[in-house]
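*Asks:* Here's a structure for you.
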Amino acid sequence: MAAPEAWRARSCWFCEVAAATTMEATSREAAPAKSSASGPSAPPALFELCGRAVSAHMGVLESGVWALPGPILQSILPLLNIYYLERIEETALKKGLSTQAIWRRLWDELMKTRPSSLESVTCWRAKFMEAFFSHVLRGTIDVSSDKRLCDQRFSPLLHSSRHVRQLTICNMLQGATELVAEPNRRVLETLASSLHTLKFRHLLFSDVAAQQSLRQLLHQLIHHGAVSQVSLYSWPVPESALFILILTMSAGFWQPGPGSLPCRLCGEASRGRAPSRDEGSLLLGSRRPRRDAAERCAAALMATRRKSEVKQMPRAVPPTRVTRRSTQESLAIGGTDSKLYLPATSYEASGTKQPSAPAAASASSSTSSKRAPASSASQPKPLKRFKRAAGKKGPRTRQGSGAESEDLYDFVFIVAGEKEDGEEMEIGEVACGALDGSDPSCLGLPALEASQRFRSISTLELFTVPLSTEAALTLCHLLSSWVSLESLTLSYNGLGSNIFRLLDSLRALSGQAGCRLRALHLSDLFSPLPILELTRAIVRALPLLRVLSIRVDHPSQRDNPAVPENAGPPGHIVGDEEIPENCLEQLEMGFPRGAQPAPLLCSVLKASGSLQQLSLDSATFASPQDFGLVLQTLKEHNLSLKRLSFHDMNLADCQSEVLFLLKNLTLQEITFSFCRLFEKRPVQFLPEMVAAMKGNSTLKGLRLPGNRLGNAGLLALADVFSEDSSSSLCQLDISSNCIKPDGLLEFAKRLERWGRGAFGHLRLFQNWLDQDAVTAREAIRRLRATCHVVSDSWDSTQAFADYVSTM
């Protein structure tokens with residue numbers, strides 16, 4: 001009896017609130033109603049008035065509202081603002097109520113964007129709160145404009161921060177300064193525990209203050225937080241200092257910026273054990289002997305540069321004397337004791353303006369690319385950095401030894417020059433022998449093997465971020481001991497000959513105890529190595545790799561007869577020795593134009609006995625026999641293979657090899673995407689293919705998009721599902737195959753005649769079904785009784801016009 005009594009008490013309490021609200025509303029509307037010329041408007045419903053009053057006084061009535069019966073609470077939920085709606089979620093679930101429809105409506109009305117069709121939204125509350133946090137942080141939404149977003153009792157950032165799993169920082173690092181401000185300390189602490197992915201999009205040049213804020217933000221979110229993935233997208237002209245800052249912080253290195261306060265969390269972790277200054281330097285690997293070696297190397301670089309400048313100067317101008325101080329200032333490295341500076345300067349002597357520190361650092365990347373082998377000579381020139389406006393030299397931001405020693409370049413000391421007027425300068429002739437990147441001390445890069453680190457991320461992604469030699473050296477040096485890294489994506493970064501340094505660093509990483517790298521995704525326009533040789537080199541360097549995706553859009557320079565033979569890679573990168581056994585489970589390769597040597601691909605496949613998924617995109621072989629050699633290798637050495645995909649390959653002359661594949665490989669899924677499979681001898685080949693499939697009991701998925709199957713081919717394919725077939729096919733993709741409605745209807749009737757049960761999914765995208773809409777609808781209706789049909793409303797006439805216009 002206790003439960004009904006409690007329910008009755010809550011109902012009475014709600015009625016009292018309703019009565020009080022009605023009286024208050026009536027008294028407020030009485031005066032305006034008398035003066036209204038058109039007469040009083042219809043009063044709101046009693047329940048709506050009550051709900052509004054409860055929503056407006058939730059600060060006092062919240063506990064009582066939570067205890068209301070489910071039917072009453074369900075009517076109040078849409079009237080609450082987002083803060084109380086979020087807080088009441090757990091109580092609503094206990095009463096069997098869902099708020100997902102309310103959050104979806106809020107998304108449609110306030111965000112006014114449609115989620116991607118590829119995105120499956122499992123929780124609209126979390127999605128709304130995450131987007132709301134980002135909009136408030138960037139200032140793109142005004143919370144005071146809507147009463148559902150405005151409540152003086154709550155902080156929009158703090159209340160929504162615990163739902164943020166992914167945060168994107170754009171342009172001029174908007175939001176970084178706000179997050180590290182003292183009023184938002186609790187917001188940052190919440191983000192540190194909830195945020196998993198940090199993305200940077202379309203970054204532009206930023207000032208010193210913004211970079212300092214980003215430094216503190218990354219330290220909190222990565223070193224003391226839960227961020228495990230950092231992704232950079234579309235950064236056409238990366239700023240060297242900012243890029244290196246993001247990389248080093250992601251790798252677990254931390255050094256306070258000039259004038260910044262010590263980290264509170266670091267102090268709590270040390271429990272009173274404050275590391276000495278020497279200990280802090282050792283942590284970051286900035287040891288004096290290595291700094292001196294770097295300075296000597298830098299002096300030699302600058303001396304060579306000055307010699308070339310003197311040759312181009314008028315004779316009246318005296319030659320420039322390179323001093324230790326001029327070298328340090330031009331490189332903008334900071335972090336050295338002021339006692340090491342000598343009084344002489346070279347910029348004033350030559351009449352050249354002294355660049356500011358960031359400008360010098362960012363401009364230094366292009367000349368350092370001369371360290372590359374000759375095979376990179378025809379690579380596209382890297383994008384030049386933006387230069388400071390004329391007449392604006394900018395103040396020096398590193399003053400005194402104390403501030404300089406805390407600069408990021410105290411950790412990563414970058415030595416490079418500036419490429420001017422197409423001038424060629426070979427760094428290897430200057431100092432430190434041949435600067436091949438193998439000796440980090442010559443470049444001022446610290447030895448990380450013995451260094452201690454903070455927490456680092458496990459996934460790093462760089463999409464369309466051109467890497468200068470300076471940035472590539474930094475990345476490779478960090479990768480060599482980044483044992484926590486599990487997945488690395490480098491997409492269209494213009495690596496060029498820096499790919500050799502990357503392979504060296506990956507080989508060094510693989511030799512580290514506890515190396516976790518299991519997935520590598522690499523794609524670029526050009527490569528100094530043919531793609532198969534590059535694949536062999538990666539597999540040798542990373543034998544524990546599980547997933548490898550590699551794509552090169554254009555042929556390598558070694559495939560060009562005009563490139564001299566001595567422009568090849570180092571001998572330890574590419575060799576003829578046999579590849580050792582590896583752990584590859586998934587291999588995806590996108591080939592440039594030109595025939596590929598089948599033996600090289602077979603050598604990779606033979607060493608990949610655990611391979612389960614293989615995808616070849618745009619692969620071309622010299623003859624059908626070479627393609628058959630690859631299939632024979634798969635049959636003999638890749639017994640665990642389950643999925644095989646061919647895309648954009650001309651298999652019109654490889655019909656016997658395709659039949660061998662269907663008869664001899666025990667695959668679960670095969671894809672022939674735009675492979676011109678039925679271009680030749682379709683009348684003879686289709687029955688042979690159908691017969692092979694009818695005897696294949698392991699194949700469950702067949703994808704044939706873009707193969708000109710047509711109505712005749714579709715009807716022949718229907719025989720796979722006949723009564724005498726032992727096929728287990730349950731997924732069929734016949735998109736883009738010139739199928740007409742009458743052929744699809746006949747296909748549906750044959751499936752009905754044979755009485756096969758539901759076989760799964762049928763994909764019909766981009767076929768000629770719009771030529772007879774009535775017949776197409778009837779065919780799809782019949783098919784849906786047998787399988788799940790996925791189709792679209794495709795305009796075939798417009799598509800044909802587009803095709804003709806491009807001929």
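Even glycines carry a Cβ here, placed using N, Cα and C.
Annotations for this protein, taken from Swiss-Prot, read as follows:
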MOD_RES   Ser155  phosphoserine
REGION    269-290  region 'Disordered'
MOD_RES   Ser276  phosphoserine
REGION    304-335  region 'Disordered'
MOD_RES   Ser326  phosphoserine
MOD_RES   Thr327  phosphothreonine
REGION    349-403  region 'Disordered'
MOD_RES   Ser368  phosphoserine
COMPBIAS  382-396  compositional bias 'Basic residues'
REPEAT    513-525  repeat 'LRR 2'
*Asks:* What residues, ordered by sequence, lie under 8 A Cβ-to-Cβ from Ser155 (phosphoserine) and sit at least six positions away in the same chain?
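*Replies:* Correct list: Val187.
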*Asks:* What residues elsewhere in the chain lie close to the repeat 'LRR 2' (513-525), defined as a C-beta under 8 angstroms and at least 6 residues from its ends?
*Replies:* 380, 458, 483-495, 506, 538, 542, 544-554, 590
*Asks:* Is it possible to list how many residues within the repeat 'LRR 2' (513-525) are helical, extended or coil according to DSSP?
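*Replies:* Residue counts for the repeat 'LRR 2' (513-525) by secondary structure: 0 helix, 6 strand, 7 coil.
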*Asks:* Give the three-state DSSP assignment (helix, strand or coil) for Ser155 (phosphoserine).
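*Replies:* Going by the DSSP assignment, Ser155 (phosphoserine) belongs to neither helix nor strand, so it counts as coil.
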